[in-house]
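Q: Here's the feature list from TrEMBL:
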TRANSMEM  31-48  transmembrane segment
TRANSMEM  104-122  transmembrane segment
TRANSMEM  134-164  transmembrane segment
TRANSMEM  170-200  transmembrane segment
TRANSMEM  207-229  transmembrane segment
TRANSMEM  249-269  transmembrane segment
TRANSMEM  290-312  transmembrane segment
TRANSMEM  318-335  transmembrane segment
TRANSMEM  342-360  transmembrane segment
Amino acid sequence: MIYLAIFPIIYLCEIAGAFCREKYPNSKKTSYILTFFPFFLMFLLIALRGPETGPDSQRYMAVSEEIGNLSFADLADPYSSRIVREPGFELITKVLYMLTHSTQSLLIFMASVTCLCYWILINELSPDPYLSVLVFYCASFFMFSLNIARQVMSAALCGIFYLLLIRRKYVSALLISILGTLFHSSAPIGFILIFMVTLLPIRKFMAALFSAVAVLSVLFVRPIMELVFSVITKYQKYLNVDKHDSVGMVIILWGIELAIAMYLLYFAVDNHPEKSLNATHTLNRMDRHIYCSILFTVMYVAITFCSSFVWLALRIGFYFEIGVLFLFSMFTERIRKHQSRLIYLLTVVLINVLLTFWMSRSSADPLYTYHFFFEY
């Protein structure tokens with residue numbers, strides 16, 4: 001099975017990457033080449049899937065065919081009796097179907113955008129790209145539901161948006177944010193929050209954020225959402241959630257992620273003890289990336305915890321999984337620099353075991369790899 005085959009390929013990439021790092025310590029070209037193979041297989045998982053794979057593939061392929069058979073005038077009709085989806089999604093579906101007369105072309109497009117964006121993001125910003133690829137796969141950002149895959153495509157564009165902000169390419173970032181918004185209605189929330197976290201003064205924002213997410217998550221999310229959904233009744237179904245099914249085994253994983261985040265926060269800036277959260281210095285690009293990854297992780301855990309009460313929060317949490325994507329690799333990179341090789345190797349092995357056998361089983365949601373192995 002292609003799902004099982006990806007695991008040893010990622011492990012082999014990690015081993016090969018470790019040897020290449022010794023010989024070519026600053027070569028991005030090597031990591032791009034090595035990570036291409038697992039990403040190509042992940043691309044195939046979506047691009048070549050059939051209607052019988054996953055819980056909603058058949059329904060979404062039927063929807064894609066319906067949109068493809070509509071005229072452009074029908075697509076633009078605001079009073080249509082059909083279920084209207086995001087304009088970007090409908091337009092690209094129509095164009096692809098018009099060119100190919102196949103719903104498979106939409107899957108190929110979504111898989112291409114998602115995997116290409118994460119391939120670039122990981123290789124440009126991750127200290128250990130191979131470990132980040134394993135996180136990406138085990139957390140199953142791009143599968144299992146096609147409805148989720150559509151949103152994760154927007155989340156992938158959010159990741160590129162963050163990369164462009166870090167590099168101060170603001171016009172390109174604006175264009176990417178507009179494009180991502182066209183594909184999923186939840187995308188503006190992700191883009192706005194990522195923009196705030198990335199560009200606001202971190203030393204002032206961090207303490208307020210830590211306090212706010214903790215209080216809001218525990219005390220106010222349910223009553224606030226009940227009030228909102230009493231007005232916007234379309235989303236009331238998201239209040240009906242089984243707390244056990246939403247959280248499941250993931251609580252312990254959240255604890256580990258938060259512990260690593262706090263560890264990195266304490267040692268965030270190497271060799272600069274004068275730099276603290278209360279200092280008045282300007283963070284350089286990599287320092288800011290570390291702090292942003294910590295913040296994204298905290299926000300991801302807090303927002304996903306809210307899904308115990310309101311399932312809609314899980315959809316918002318997708319946009320902050322990029323923090324987890326870098327968190328583990330930043331942790332192992334620090335261990336590599338400051339501890340013995342034996343401790344580093346043991347840490348990498350333990351994290352690989354954790355990701356493979358815990359993250360992939362950490363939710364009752366069928367997005368996760370474990371549920372493909374044992375439920376389908």
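Just so it is clear, glycine is given a Cβ too, placed from its N, Cα and C backbone atoms.
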Q: Does the transmembrane segment (31-48) reach the transmembrane segment (134-164), going by 3 or more CB pairs under 8 Å (6 or more apart in sequence)?
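A: Counting Cβ pairs under 8 Å (6 or more apart in sequence), the transmembrane segment (31-48) reaches the transmembrane segment (134-164), since there are 3 or more.
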Q: Determine which residues of the chain contact the transmembrane segment (318-335) at the Cβ level, with the cut-off under 8 Å and only residues 6 or more beyond its ends counted.
A: 118, 121-122, 125-129, 131-132, 135-136, 139, 141, 148, 151-152, 155, 158-159, 162, 186-187, 189-191, 193-194, 257, 260-261, 263-264, 267, 270, 289-290, 292-300, 303, 343-344, 347-348, 351, 355
